[in-house]
Structures are given as structure tokens and as C-alpha cells.
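Q: Once you've had a glance at the structure underneath, I'll fire off some questions.
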Amino acid sequence: MAGHSEPLRPVKSTRKRRTQGDKDRAFSQYIYLREVGLISAVSLIAGTMIGSGIFMSPEWVLYHMGSPAGALIIWTACGLLVMFGALSYAELGTIIKESGGDYIYILRNFGSLPAFLFAYTSIIVVRPASMAGVSLSFAEYAVAPFYQGCSTPQVVVKCTAASCILLLTIINCLNVRLATAIMNIFTVAKLLVLLVIVIGGVVLLINGHTQSFQDAFQNTTAGIGPVGAAFYQGLWSYDGWNNLNFVTEELRKPEVNLPKAMMIAIPLVTCLYLLVNMSYFAALTPAELLSSGAVAISWGNKVLGSWVWVISLSVALSSFGSANGTFFSGGRVCYIASREGHMPDILSMAHVRCLTPSPALIFTSAIALIMIIPGNFITFFFFFGSFTAWLFYGTTIAGLLYLKIKKPELPRPYKVPIIIPIIVLIASVYLVLAPVIDQPQMKFLYVILFILSGIIVYFPLVHYKRHPQFLQRVTLHLQLLLEVAPTAKNTN
Ligand code: ARG
């Protein structure tokens, strides 16, 4: 196949697929185009990582660490941890060339049940919760300028967040190229905004605004619990670093571009985050930062004056771009899990003309929409998401260590020194255990019970394949309605 980039188009339209012969032909397969080049790959990573976190969580990192220097150390450590994690994922991505990120790595290394539990938790809670969270941040900032001086009605925020999700669903279902173009444009925009904040900080520092950096270590906390909590806050801003591994099959020359994109995007984001934090400390005292509510806005009020709306708008746009990246890769988890028989068949199909995994995308967005409805539940989902994410990152990394030790002969275009995944594994164990040891609470038990509840679903529906009779007919009807057909892997 020329440059393995030609899609197979065996059936023109699923509308005709009515007779038995046509039904057989429904199993003709489609494959994905490799539409994602290096630039889109970098922007998929950086554009998802930079969402609303860097505009809000510095306050919380400072709160847990107690001092500016402590906070800056956490931001640096998070960047390093994420870089180490990404390098390890880059090796995994060049050994296992299928899309699906953590899911496919857990499947290939540890087998069906652990992979199912990952998919189940990720599809039902973690991904939609990220989506809902980032869309809600978008909505908060997008409508804030219309409600100056009074609090924004929750219903308006939620409806705006829902519209964001619906718009992203339409864009992502229509065209992969459109979705990546949006990602690129928004990434450039948010890099510019961060640069504005950095330049503002440099000007302030040159003019002698260095109060926050005097006695910078005073009041630093060092307990397991607060440091763990500070890490979680910082790591949320870095989350999305492994996004590219979810779309390996759509990436051009993945063995080269996967490690390269990570090595460009993650140091870039880390440096920007550190400089942005310094700029916040230059403009605001630690006390002002702690009472700010939304640190970027307080920064804007001080430095930009009446132009502060630029920051509100930027946070909104940045969140929108991040939601797009989250959705782009999140939909793929559902799609790949279904392709491996872990979710209903319909979710592994692609639209016959748009060649996008529209059923998986629609399903993911439906769950995210439901998550927007409950009031305070979203904080619980957030907690759930971060805790579970690190549980599974650790599992995936353990898989890499297994491959490195047991199967050193596998061809690896990119190799990472073994100490790096070991550090990431130790860090994930710390991140999972620190909050449990520091403040043992029932919610940890609920999370574990939820993950384990997947076993009850797994055995009848996946292992013994006891599918309800009507499912096949429902699949066929949905296939006709959505104009979708099965797809094949693209790993050559
Ligand atoms: N890091 C982003 C932020 O600061 C959140 C990204 C969530 N998406 C994801 N795929 N984990 O808002």
C-alpha cells in the first residue's frame, strides 16, 4: 500500500447492506489514514497538556507545599516525572505499534482481564470525567465576562460545557484532519498566551519584583500527604502527556515521530510552566496567590489591568483545545477496546466516508454529558480520575519493565535506559499509596470496588461471550443509521 496511507474502501455505503451477501460484505474492513504528522503530534501532546490547569492549580500546589520554592520544585519534579513516563511510553509505542495507549500495552503484557478493567474504568469514568472537567473550565471562563460582578448561574455554565462537548463531537466525527487542524491552531494560540505571561514576568523581575523569592523556602511542608497532594495538582496540569500513544496507527512514521514528538512537547511545556509560575510569583505575593481563586486572572488584573479579559478568553480557548485533544484520544480507547472484543462491536466501527470512529466518539461524549449534570460529583470524579490514572500508568510501566527483562530480543527502534521506567514505577506507587496512607477514607475503597466490579461484567459478556440475542440486530440497525463499517488494524 503506497506509504500505508490509502484507506480501503470496499463498500461504498452501508445503506445498501441489507441482503445476506451485503451482510457478509459488512465484514470488509476499513483502515485508518495516517493523518497525524510530527507537528500535529507535538500539538496533540502539548495542546492537551495545556488546558486550564496551569491557569488555576499553581495556587493549590503552593497551598500544599507552603512556599514558592517548594511549589517550583514540585512543578519541576512533575515535569521530569512526566518526561520519564513519556520516554517509557515512547519505547512501548515502538514495540507495540497498535493504537490504544495504556489499554493495548496492558492487554499485550498482562492479558485480557486487566486490560478490560482498564478500558471499563477509563471509558466509563476517567476519560469522560477529564472531558467534563475541561469543558466545565472552558464554560466557566467563556461566560465569566458576561457576569462581571456577580456569580455565574450554574445552569449557564453547564449548558455551555454541554455545547462545547457537542461541538467537539461533531468536529471529531466529521474529519480527522479538521480535528487536528483545530488542535494545531489552539495549541499555537495557547503557547502565545503563556509566552505573554512569561514576558510579563520577566519585565516584573527586571523591575525588581522579587519579594516572593526572598526566603523562598520558608514554611515548606515535607509530609507524605501534602507532597502527594501537591503532586496531584501539578500532574493534572501535565496530564495528557501520553495522548499520542492512543493514536499510533494514525501517526506517520510512528517509530520516529512518537519519541520525537514527546521530546519536543514535554520539555517545551515543562519550561513554559516553570516560567509561568515564576511570573505569577513575580506579580503576586504568596498570600495574594493563595487567596486569588483563579491565579491567572489575579495576575491579569495586576499586570494587564483592563485587558484582563484577554486572560479569561485565553483560558477558555486553551481549555477548548485541551478538551478537543482529550476527546480525540479518549474516543480511541473505546474504539480500540471494542476492536479487541471488550466493548460492543458497534463501537469499533468507522464512518464509511469520514473515516472517523464516530460510534465510539458519540458514546464517549454521551457519558461526558451525563457527568456534567450532577453538582459536586465532578470533584469526586476528578479525584477518581487522577488516582486511577496513576494506578494504571504504574501498571503500564510495569509492563515495559517486564518486556525489557523478559523479551530483550524484541525489535525496538527506540530504547529507554531501564532506570527511567523504574523511577516512574516507584513514583506511581508513591502517588497511589500516599493519599491512602495519609488520609485513609472510604472513597479509596469505592474506587477499588468500582474497578473490580468490572470482573462481574467481564466473565459473562467478554470471557463467555453470552451476548443478548438482540444485540446483533441492534448493531446492524445502528450500522445502517450511522453509516459505519468494521475497521482493520494499521500497524505495518
Ligand atoms: N492537563 C489538562 C489541564 O491542565 C487536562 C488534560 C485532561 N486530558 C487528558 N487527556 N488527560 O487542563
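In case you wondered, yes, glycine gets a Cβ from its N, Cα and C as well.
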Q: Pick from 102-123, 212-233: which range does TrEMBL record as transmembrane segment?
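A: It is 102-123 that TrEMBL annotates as transmembrane segment.
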Q: Would the transmembrane segment (159-179) and the transmembrane segment (443-464) count as touching if the test is at least 3 Cβ pairs under 8 Å, pairs 6 or more apart?
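A: By the criterion, they do not touch.
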Q: What residues in the same chain, six or more past the boundaries of the transmembrane segment (379-403), come closer than 8 Å to it by Cβ-Cβ distance?
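A: Here the qualifying positions are 85, 88-89, 91-92, 95, 102, 105-106, 108-110, 114, 118, 121-122, 125-126, 129-130, 132-133, 232, 235-236, 239, 242, 371, 410, 418, 421-422, 424-425, 428-429, 431-432, 435, 443-444, 447, 450-451.
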Q: Given the cut-off of 8 Å on Cβ pairs that are 6 or more apart in sequence, determine whether the transmembrane segment (415-437) and the transmembrane segment (102-123) share at least 3 such pairs.
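A: Stretch pair does not touch.
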